[in-house]
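See below for the structure under consideration.
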Amino acid sequence: MSQIKLIVGLANPGAKYEGTRHNAGEWLVNELARMYNTSLKDEAKYFGKTAKINTVNGDVWLLIPTTFMNLSGKAVGALAHFFRIKAEEILIAHDELDLPPGVAKLKQGGGHGGHNGLKDIISALGNNNNFYRIRLGIGHPGHKDQVAGYVLSKPAPQDQQKINAVIDEASRCLEILFKDGVTSATNRLNSFKA
């Protein structure tokens, strides 16, 4: 596998969206930054907040786009093109309706599953979907007509606890990924349930 050089946490910007389910990817990147004693700074030329962490495998960029979710590719594309980071060296953390809270899955490739952030990133990378993703379960409201309101609202306290637990586990699994590779990290994360 290629070494991961960029980890992106998808979110919508602004106080209005803080703490909403759609921002789960951002929570993971913030936790990773905290583990490495750094904080993300606004970087206008990458349309997001960035930081660089030093792992056992070398430097890894952290990015939280400050565009709206459906324009996430603008930020990912800008940073990836500038540093010549290939799609398979990118990991995207995002909310996942098809997994329950407290569950996360690490995988490479695949479609966008209706996720507008992923859709825009695939497009910005020249229709290349070969990046890794950590799908953070947020559960499903039950009917597709309720999805927009659901992802833009805050989780119930018991769901938030489960999401926090899986984010904690996912951040540990990223350390395993840096040290032992994607297979070890995938096996551990994909069998976890809060």
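A Cβ is built for glycine as well, from the same backbone N, Cα and C atoms used for every other residue.
Annotated in Swiss-Prot:
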- H22: active site, proton acceptor (ACT_SITE)
- Y17, F68, N70, N116: tRNA binding site (BINDING)
- N12: site 'Discriminates between blocked and unblocked aminoacyl-tRNA' (SITE)
- D95: site 'Stabilizes the basic form of H active site to accept a proton' (SITE)
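Comparing Cα positions, F68 (tRNA binding site) lies closest to N12 out of the recorded positions N12, H22, D95.
Listed in sequence order, A11, N23, L152 are the same-chain residues six or more apart from Y17 (tRNA binding site) with CB atoms under 8 A from its CB.
Of the candidate recorded positions, N12, H22, D95, the one lying closest to N70 (tRNA binding site) when CA atoms are compared is N12. Just so you know, of the recorded positions N12, N70, N116, the Cβ with the fewest other Cβ atoms around it within 10 Å is the one at N70. Taking the centroid of the Cβ atoms of Y17, F68, N70, N116 as the tRNA site, the other same-chain residues with Cβ within 8 Å of it are N12, H22, T67, M69, L71, S72, G117. A simple Cβ count within 10 Å picks out one of the recorded positions H22, F68, D95 as the most packed, and that one is D95. Using a 10 Å Cα-Cα cut-off from N12 (site 'Discriminates between blocked and unblocked aminoacyl-tRNA'), the recorded positions that qualify among H22, D95, N116 are H22. When the alpha carbons of the residue listed as 'active site, proton acceptor' and N116 (tRNA binding site) are compared, the span between them is 11 angstrom. D95 (site 'Stabilizes the basic form of H active site to accept a proton') sits 11 Å from N116 (tRNA binding site), taking the CA atoms of both as reference points. Residue annotation for tRNA gives Y17, F68, N70, N116. The furthest Cα pair among them is separated by 16 Å. Under the DSSP three-state reduction, N116 (tRNA binding site) is assigned to helix.
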